[in-house]
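Shown next, in structure tokens, is the structure this report addresses.
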Amino acid sequence: MENLIKQLKLCNKKFLVVGDAMLDVYLHGQVSRISPEAPVPVFKYESRENVLGGAANVAANVAAMEVDVALLAVTGNDDAGRQIIELLGNKGVKTDLVLACDNRITTMKARLVSSGQQITRIDNEDTSDIDDTCENKLADMLEAAIDSYDIVLMSDYQKGLLSDSFAARVIDIARKHGRKVIVDVKSRNPAKYAGAYLLKPNRRELAYMTDMPVGTHDEVVTAMKKLRELAGCEAVIATLSGDGMMYLDRDGSVYESNVEARQVRDVVGAGDTAFSYIGLGIAENLRPQTVITLANAASSIKVTKFGTSVVTLDELEDMFGSRPAKIQTLDGLLEQLARFRERKPGAKIVFTNGCFDILHLGHARYLKEARKLGDMLIVGVNSDASVKRLKGEDRPINHENVRMAMLAELDFIDYVVKFEDDTPYDLIKAVQPDILVKGGDYKIEDIVGHDIVEAKGGLVTTIQLVDGMSTTNIINAVNAAHHE
């Protein structure tokens, strides 16, 4: 797999995603009591997070592979639509083929989340088919742009864009220009996707598109063959949740890939991730077995993350054991940074540091926010000797290897490196980060290394900490409880 990931990182194909764009909103808060007005929980709002959903999430996943991608979609002329455009731009997705229509609203799904669990979901959407004016304009845009792209990924959520008429026009235009179309299906009508190269149903979709049982292995294979016949496509990939994936090729051969057992945190967006990597595999003309192995691996990573999110090729390298470890020596880190900067010129490297003696919620939230500021987060960690000089002989509580290993388990941290000095000044000088971050209790002029980063035109900033949350407070609370 190591050579495959290297090959995929050199992919120069251009992708066009066509489908229903959505805005996924996560409203985070706490539930601690029942309302006196009705037997329902009271949700205390804390924060809001906007992320891309539907076809927009597919496009974001493709962009995370570091290839060129555009989205052809429709939104309403509203705040949700404008937020989608902004988020797509931040992800590197081209948006000149996204059409805002005054007579539509943007599909938005708001999820209330407490303690990492969804409480309820609120949908605001218009699922009626796009009108003729909108369809004709989009078709003209597609006709003019199609030669700039190598493959079309059609993501149908049945939210109005891919009507029977427009889906047929997309496939017809793509085929006329020699482009393959692969479809993440939703409609019960297989004929809607006639002429597509490949269809990707899940088990439930496969059942209702063919009106056949799909409980056993043989039943799935039979239904896949029936779907290929009904749709007139060349291949079918069935995604089967915990049973992995099956690929029916044009010659009738069947390939299978079992999913790696992982703790499932959230399945939202896993299908989009799998579909994106299927698209990458088809674009690169990979063997069927390799395509589904790749897509399976990507989706197994996605389900370990909360909410709608992307999976990068670097994460696949981690999974297959071919990517450098997160915990690095300074020399190893500088070697990785040189490769990263060569591969992604202009990317922003974020640096922060600390003792991180007892990793807690305040640390996690701070580091997650730091990662959002750039493209890579490096965390410098005080050695045990350094912590003793700063905090006293009874510190650290945890050995430096344990502290670094804990940080390396956080998926929003890219590299962890130890420093022996009292401050990370020499480390910052060697790393040359673009963004230097510390907690909100620091003044900019007091942040070690601010002069290095400011001299190169970088950003030195602070992030608000969680009130009352610190390692010292935790230790004091434990000691107080012990002496009671």
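Glycine is no exception: its Cβ is also placed from the backbone N, Cα and C atoms.
What TrEMBL records for this protein:
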{"type": "ACT_SITE", "residues": "ASP272", "note": "active site"}
{"type": "BINDING", "residues": "ASN202, ARG203, ARG204, GLU205", "note": "ATP binding site"}
{"type": "DOMAIN", "residues": "14-310", "note": "domain 'Carbohydrate kinase PfkB'"}
{"type": "DOMAIN", "residues": "351-474", "note": "domain 'Cytidyltransferase-like'"}
{"type": "REGION", "residues": "1-326", "note": "region 'Ribokinase'"}
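Secondary structure by DSSP for the domain 'Cytidyltransferase-like' (351-474): 48 helix, 26 strand, 50 coil. Across the structure, ASP272 (active site) and ASN202 (ATP binding site) are spaced 12 Å apart at their Cα atoms. Mapped onto three states, the DSSP output places ARG204 (ATP binding site) in helix.
Counting every protein chain shown, the Cβ of GLU205 (ATP binding site) has 21 other Cβ atoms within 10 Å.
Neighbour counts of Cβ atoms within 10 Å were compared across the binding-site residues ARG203, ARG204; the minimum falls on ARG204. Apart from ASN202, ARG203, ARG204, GLU205, the residues listed for ATP, the same chain places the Cβ atoms of PRO201, LEU206, ALA207, TYR208, VAL214, ALA238, THR239 within 8 Å of the centroid of those Cβ atoms.
Looking just at the domain 'Carbohydrate kinase PfkB' (14-310), the mean pLDDT is 92. Within 10 Å of the C-beta atom of ASN202 (ATP binding site) sit 18 other C-beta atoms, taking all shown protein chains into account.
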